[in-house]
Amino acid sequence: MENQSYVGESEGDAATLPIGYLQTTGHNQHDAPRDGNGNANNGQVHHMKVDVKTVPNENAAPLREKWGKNIEFLLSCVALSVGFGNVWRFPYTAYKNGGGAFVIPYLIVLFIIGRPIYYLEMVLGQFSNRGCVKVYDLAPAMRGIGVGQTIAIFTVITYYAAVLAITLRYLVASFSPVLPWSQCDPSWTNCVDSTLRGGFTLDPNITQPKTSAELYFKNTITHTVDSLDNGLGYPDWKLTICLIVSWLCIIAILIKGIKSSGKVSYFLAIFPYIIIAVLLVRSLTLEGAWTGISYFFKPQWDKLLKIEVWYEAVTQCFFSLTICFGGLIVYSSFNNFSNNIYQHALIITSLDTVTSLIAGCVVFGVIGHLAHVTGQEDIAKVVQGGAALTFITYPDTIAKFDFIPQFFSVLFFFMLFLLGIGTLIGIVTSVITAIHDQRPDITRWKIVIGVGLTGFTIGLIYITPGGLIVLDVMDKYGATLVTLTLAVFELFTFAWIYGVNRVCKDIEFMLGIQTGKFWRICWGFVTPLTVFLILVVSLINYAPVKSAPYSLNAIGWCLYAFAVLQLPCWALYAVLQKYGHTWMESCKAVLRPMIDWGPEDPTRNAQYAEFIEAYKQETSYQSGTFIRKLLKKIME
């Protein structure tokens, strides 16, 4: 078990005090008021500054591995944040919730929620050099938040890898002389070739026509079933091979640690943008493309008054930026202490939004072309969301291309594969780091292989005929609801238990800059309150996954409970570790930072201890009403 000493404990020796200080008499009352000379008023506490070298720590863990260059951190964050959600989730979500009007609430949400959380997680990860669980050394009672987020992110990993396997399956199929989804298989009924364009006559026997692209996805790739009455079925062997290859790619990149994944980030972050640029040019030159793009941006102002639109904007922001999953904290923890993450946060969040808008133009340009060649005037009847947009609508359109459809199919699915790999590397790193921080005695490569094997085994569920139904359930309960719930507690912990003002002092010590009132107001009030309201709305408007039986929805709730209940369980565990204290003293102690909280470098940690001690002495005589103290805590 790690060091269980906390700032402000009433007993302990030099090893349990802030680095750089030595207790000489009495009990350690770290926050006791002091007189003008800096002595404690009760006369019981006396601290003596000592040289850091006189407080050796032979058992100290080695310094954390670091990125090779700052640009590798930046590109890795881009690869983490820019993924499937930018290509298919944002365009469809925007269209469904007001088209161009949706961009307004999305930008507002990005400004008051996405960017503040992104910057906050980066700050605490880089400052402490701790992962998404160990970062809660700032308030050990709340460590269950990090554990719960690790459970949520591992849930995402298992089904994200399965979607990546489907992408790889399509990528391989794209090299065929004739795209296999462009023509109907003789065994399919009510099928229409995806190569057919407008002006064709349907066979009178076809009552409910479906494109060959749709039937290829459902019958050949996933063998999809409409219900789980007959069970999940068995995994498709071709998708199983693709899943193995996907995990082998991830393991190969991560096996040597963060520096190897940093080198790969140059390719994973930059090359997809080259492909997006090629696809954008092609999309804009298609007949009917501008009709689709204008439809994408056409404002539906009435939808701005619906709370569901704002809910969708918040959830899109969370999944697009990958905030409150722990991945950003982990990536930042491998930074050099003085890295200017303020600029990085602004660059990445802005780039993510621009990427979503460009991806929307690419997708809806293609959809507009599909409507044009099929003679469908109502584009709404062409648009499909989720996996259907990626694996049905887009392939159906590519099959109608006159010029080398295989080339554009390879580009599209290769781009998706790279985006998926980039995101998976980040979130898998988060899980690996959480485990390694708790069990540093286990060699890192063993953890990487263990996570890979576990993820692959669970991922087999999603490539069964009933796998997509399970995916919808896990995504709703194990990812979305868990993330929103724990995000509320994360923000409360950082902003109110640890304190906005303390975060700002940490930034001042780390970067030498003052934090503006915008960030203070967002961290202290606007962001936590908005996320809390969105969580309440999602629970009030709860509806079970329609395609899943009640038993599977019940399993989803069990997963949600298992992840969220980590918070009270770990809080109770932390309290019970405080032997020899009263219950109230224990509860207060576990809400204060641990004694070794701060920079990992011992010398810098000693300087930080002096810095915080001086700050506490300056604020020890502050008085006033509760409201005034509250506002001062945030705005000072």
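For all residues, glycine too, the Cβ spot is worked out from N, Cα and C.
Just so you know, TrEMBL annotations are computer predictions that nobody has curated.
These features come from TrEMBL:
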type	residues	note
TRANSMEM	73-90	transmembrane segment
BINDING	V82, N86, L419	Na(+) 1 binding site
TRANSMEM	102-120	transmembrane segment
TRANSMEM	151-172	transmembrane segment
TRANSMEM	237-255	transmembrane segment
TRANSMEM	267-293	transmembrane segment
TRANSMEM	313-334	transmembrane segment
BINDING	S320	Na(+) 2 binding site
TRANSMEM	346-367	transmembrane segment
TRANSMEM	410-435	transmembrane segment
TRANSMEM	447-471	transmembrane segment
TRANSMEM	477-500	transmembrane segment
TRANSMEM	521-542	transmembrane segment
TRANSMEM	554-576	transmembrane segment
Legend entry - Long-range environment of the transmembrane segment (237-255) - Cβ separation under 8 angstroms, sequence gap at least 6: 161-162, 164-166, 168-169, 172, 221-222, 261, 264, 420-421, 424-425, 428-429, 432, 445, 448-449, 452, 455-456, 459-460, 463
Inset, instruction - Could you name the stretch, out of 313-334, 410-435, 477-500, with the greatest number of CB pairs under 8 A to the transmembrane segment (447-471)? - result: 410-435
Legend entry - Tertiary contacts of the transmembrane segment (151-172) (same chain, 6+ residues out, Cβ under 8 Å): 84, 221-222, 238-239, 242-243, 245-247, 250, 325-327, 387, 390-391, 395, 409-410, 413-414, 416-417, 420-421, 423-424, 427-428, 430-431, 455-456, 458-459, 461-463, 467, 470-471, 474-475, 478-479, 482-483, 486, 559, 562-563, 566
Legend entry - Whether the transmembrane segment (102-120) meets the transmembrane segment (410-435): three or more C-beta pairs under 8 angstroms: no
Legend entry - Residues from the same chain, set at least six apart from the ends of the transmembrane segment (346-367), whose C-beta lies under 8 A from its own: 74, 77-78, 81-82, 86-88, 90-91, 94-95, 103, 106-107, 110, 114-115, 118, 273, 276, 279-280, 283-284, 286, 289-290, 292-293, 295-296, 320-321, 379, 382-383, 389, 393-394, 397-398
Inset, instruction - State, in range form, which of 73-90, 267-293, 313-334, 410-435 has the highest count of Cβ pairs under 8 Å to the transmembrane segment (477-500). - result: 313-334
Inset, instruction - Count the Cβ pairs between the transmembrane segment (73-90) and the transmembrane segment (521-542) that lie under 8 angstroms and are 6 or more residues apart in sequence, then report whether there are at least 3. - result: no
Inset, instruction - Would you mind listing the long-range same-chain contacts of the transmembrane segment (313-334), meaning Cβ under 8 Å and 6+ residues beyond its ends? - result: 64-67, 73, 76-77, 80-81, 83, 85-86, 89-90, 93, 97, 102, 105-106, 108-110, 113-114, 117-118, 121-126, 128-133, 135, 146, 149-150, 152-153, 156, 258, 341, 348-349, 352, 356, 423, 426-427, 429-430, 433-434, 480, 483-484, 486-487, 490, 530-531, 534
Inset, instruction - Mark yes when the transmembrane segment (521-542) and the transmembrane segment (410-435) have three or more Cβ pairs under 8 Å (sequence separation 6 or more) and no when they do not. - result: no
Legend entry - Tertiary contacts of the transmembrane segment (267-293) (same chain, 6+ residues out, Cβ under 8 Å): 75-76, 78-79, 82, 355, 358-359, 361-373, 379, 408, 411-412, 414-415, 418-419, 421-422, 425
Legend entry - CB-centroid shell, 8 A cutoff, Na(+) 1 site V82, N86, L419, site residues removed: S81, G83, F84, G85, V87, P272, D352, T355, A359, G422, T423
Inset, instruction - Would you count the other CB atoms within 10 A of the CB of L419 (Na(+) 1 binding site), including those on all shown protein chains? - result: 26
Legend entry - Surrounding residues of the transmembrane segment (521-542) on its own chain - C-beta under 8 Å, 6+ positions past either end: 109, 112-113, 116-117, 120, 307-308, 310-311, 314-315, 480-481, 484-485, 487-488, 491-492, 494-496, 500, 503, 633-635
Legend entry - Other CB atoms, at most 10 A from the CB of S320 (Na(+) 2 binding site): 25
